[in-house]
Amino acid sequence: MSEASHKRLRERWIAWVLAQHRLVLALALVLTVVSVYIASLLRVDSDLRSLLPEEHPVLASIDRIETSFGALGSVNVVLKEGSPEQRHALADAIAERASKSPLVRDVEYRLRSDFFAEHALYYLTDAEMEALDEHFQAWTHYELCRAEPDVCLDEPDPEAPKALRTFIRSKQDAALARTSFKDYFERDDISALVLLIHPTQPSSDLDFAEAVSNQVRADVAEVVNQPGAAWADSGIHYSVVGPYTIKAEERETIRGDMLRSGAFGVLGVVAILYLLFRSGRAVLTLLVPLICGVTWSMAVTQIVLGRLNAITSLISTVVVGMGIDAGIHFLVRVREEQGRGSDREAIARAFANVTGPLLIASATTLGAFAVMASSVFPAFQEFGLIAGFGVALCLLAMLTVYPAILCLVGVKRVGEPQAEQERRPGLLTRVVLARPGLMLALVAALTVGAAVMAPEAEFENSTRELQSARTRALYKPEVFLISKIFGKDIHAGVLVVSTLDQARAVLTQARQVQADRLADGTGTVVAELLGAPDLLPDPWIDPAKRKEAIATMTADIPERTWKRLEERAAGGGEDGEEGLSPEDARRLRNMLKAEPVTVERLPPAIRDKVYSQDGRFAVYAYPNFDAADISMGLKFMEETAKYTEGVEGLQSDDALFVGETTVYALMYKLMQSEAPTVLAMALVLIAVIVVAQIRSLSRTLWTLAPLLLGMLWLVGLMAAAGVRFTLFNIPILPAILGIGVDNGVYLTDRIRHMRHEAGGIAHALGETGAAIGAATATTAMGFGAFCIADSGGLRGIGVLAVFGIGIAAVTAILVLPSVAAIAARRKR
């Protein structure tokens, strides 16, 4: 389509809008009312899992785990201070109360370690069984000789009871080592106890996470405050932490941020508009189409996505900041045209003149967002979609509703336009154009400085920095205390396999990998491995034959000896150093009467952790680092991937140890792989759109140069200011490209049209520079609202965006007029 055809289309469009302005406004009102209702259905999913592709193998693995073993994670109650007995009594009462809740699957806070002590004989090697038989026969002979010395032919060994007692205790201690605790989840050197309350639903259901967190807090508070209880006035204090409570807390934080930051952004934009136009009417008329566009975009978001995520939770303020830009440029041009006829004529001429660069600028911004929307990484994809909806629909509102509202209420006159010779350059124009060569030299120096600093820019590896300061203060010490009590981070990576043999093969290979890494100095990032094979006797031990061997060993025990053993186990009989103590007698009696160990006979609290009702087996790899550390999470993924290599029946895509640390690391890997591609594609598409509209390669390069410089300056400034890139703010970089190029488009177009007039470059910079400054200020205000958020992740988005958008405007204003001024002087 030719330029003339474009012009005729624009003229027909604005003529129809102005002629039917009341109809346009009525239709916009109806559409906005409907959109308000649809947008009100939007929910915020602040779970970081929502930032991963729905079909990704890690999420599929998590689904399999939660289907077989229940929800990952827990609500953790930490009891501190008081005596051990008081903590135990309180823990028992809390467990009893919590287990009655329909929101709770089970409560894990103590282990039946006596199970392994009682079944210790089934874990002995054949050689150890022979040694036990010798000790047992010697003790039996000793007991017989004590009871009936006249029938004793051989001299008994006086050390036989001690030898048997020592052997029993050593083997039971070895069996007890299969569990981390002997009873309650506590350590002798730490005055604290932990309860792990496992809810019935996953923490990704944020409504449920909030409900179960509140329920547990209420239950614990009620139990703790029971009058006359054993723990009353004990000085015990408690905290409720864990993935469920943190997600509920962060959700509440984001809700507060949406209200506070949203109000800040909107009021900030209103203030900027008033300072720019000095007219309440101008502000109100700009807000009408802006409200329409923002509301329409949120309604479309609900229809297409049905949610906002943690990164897009405040995007409405971003749409406010970006959506107003077209209106600002439009109103500035209307005011310029006012002296040449009626308001309607001024609106029509302004529309015809500004629509071209407006469409180019919007197309480049939309192009960047379209590239983001094409990404498989939802952090890019959803931001691109929603921002694209916002820019497109706000533009539509500015091209329809805004001319209609201006036609209805009129445009406030601000005085007669100055003649060309009377126009006096403003401060900005005088500073930039007085010494354009010096200005470019300054730009070059800043660029060199940015290039030097850019390699020092860092990425924030701790996802805890994405949380609010309040959440970190409340929960971080307790999280580390729990890790200290357990001797590891309890947020394990979990692998689900189909058979016990597969679980055994994975554990065998994993321990070999660990041994190899320790031997070659690489080291391991896994503190502990656990699976059903670790809790069962070695596979070469035949349970039936071992039971038969125990029966054979005890077959010749005289009835009198059995009776004495039962009496001593019950606490009766003779005391003294010669025989077994009651405790030793109980141990021996229980060991001799124990049934063979199978996975089904393991204590439920342990069995349900490694063996599911549908017959699957879980293998756990516990990290030896804070699960929130992304760099260590990447090492964890790398190491655990080797644990399953070559294991029969396991596919590489499905054989993944997944958990909290894996989700963070995977997000980083996806971002690392997608970000360069998205940025490159966005830049290429922006260039294609600009060259297609401008139809000049040289002017395209001229338009894009400030943007490229600005991106380099941004990275350099981030490094100099100590501001880090994060999982949340890196997805904003393509948006900065799309927004930042608008400055070059508007300024290049204005300079091109006025370059042959006397003082044309100065006038173009003065008028368009002011509009660019205002548009930049409103867009930066939209993102700047993120800066006052409590959420560290959202705050990081705001800082990066404000830096980037501000720098893009500065480079455009410094570079383009300076180059144009130098070129104009050379032509003269």
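Glycine too: its Cβ is placed from the backbone N, Cα and C atoms.
So that you can see what the record holds, here are the features copied from TrEMBL:
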- 21-42: transmembrane segment (TRANSMEM)
- 258-277: transmembrane segment (TRANSMEM)
- 283-408: domain 'SSD' (DOMAIN)
- 284-305: transmembrane segment (TRANSMEM)
- 311-332: transmembrane segment (TRANSMEM)
- 353-377: transmembrane segment (TRANSMEM)
- 383-411: transmembrane segment (TRANSMEM)
- 432-454: transmembrane segment (TRANSMEM)
- 675-694: transmembrane segment (TRANSMEM)
- 701-721: transmembrane segment (TRANSMEM)
- 709-822: domain 'SSD' (DOMAIN)
- 727-748: transmembrane segment (TRANSMEM)
- 769-791: transmembrane segment (TRANSMEM)
- 797-824: transmembrane segment (TRANSMEM)
Original post:
Under the DSSP assignment, what numbers of helix, strand and coil residues are found in the domain 'SSD' (283-408)?
Top reply: 109 helix, 2 strand, 15 coil
Original post:
Can you find at least 3 Cβ pairs under 8 Å between the transmembrane segment (675-694) and the transmembrane segment (21-42), where each pair is 6 or more residues apart in sequence?
Top reply: no
Original post:
Averaged over the whole of the domain 'SSD' (709-822), what is the pLDDT?
Top reply: 87
Subject >> Folded-back contacts onto the transmembrane segment (727-748), same chain, C-beta under 8 angstroms, at least six residues removed >> reply: 48, 51, 310-311, 322, 325, 329, 357, 360-362, 364-369, 371-372, 377, 379-380, 383-384, 387, 463, 466, 630, 664, 667-668, 671, 675, 678-679, 682-683, 686, 690, 694, 699, 702-707, 710-711, 714, 764-765, 768-769, 771-772, 775-776, 779, 783, 793-794, 796-797, 799-801, 804-805, 807-809, 812-813, 816-817
Original post:
Would you call the transmembrane segment (284-305) and the transmembrane segment (21-42) in contact, using three or more Cβ pairs under 8 Å, pairs 6 or more apart in sequence?
Top reply: yes
Original post:
For the domain 'SSD' (709-822), what are the DSSP-based totals of helix, strand and coil residues?
Top reply: 98 helix, 2 strand, 14 coil
Original post:
Top stretch among 258-277, 769-791, 797-824 for CB pairs under 8 A with the transmembrane segment (701-721)?
Top reply: 797-824
**OP:** Would you kindly check 432-454, 769-791, 797-824 and say which stretch has the most C-beta pairs under 8 angstroms to the transmembrane segment (258-277)?
**Re:** 769-791
**OP:** Could you tell me whether the transmembrane segment (21-42) and the transmembrane segment (797-824) are in contact, taking contact to mean 3+ Cβ pairs under 8 Å with a sequence separation of 6 or more?
**Re:** no
Original post:
What same-chain residues lie close to the transmembrane segment (21-42): Cβ under 8 Å, and 6 or more beyond its ends?
Top reply: 289, 291-292, 295-296, 298-299, 301-303, 306-308, 397, 400-401, 403-405, 407-408
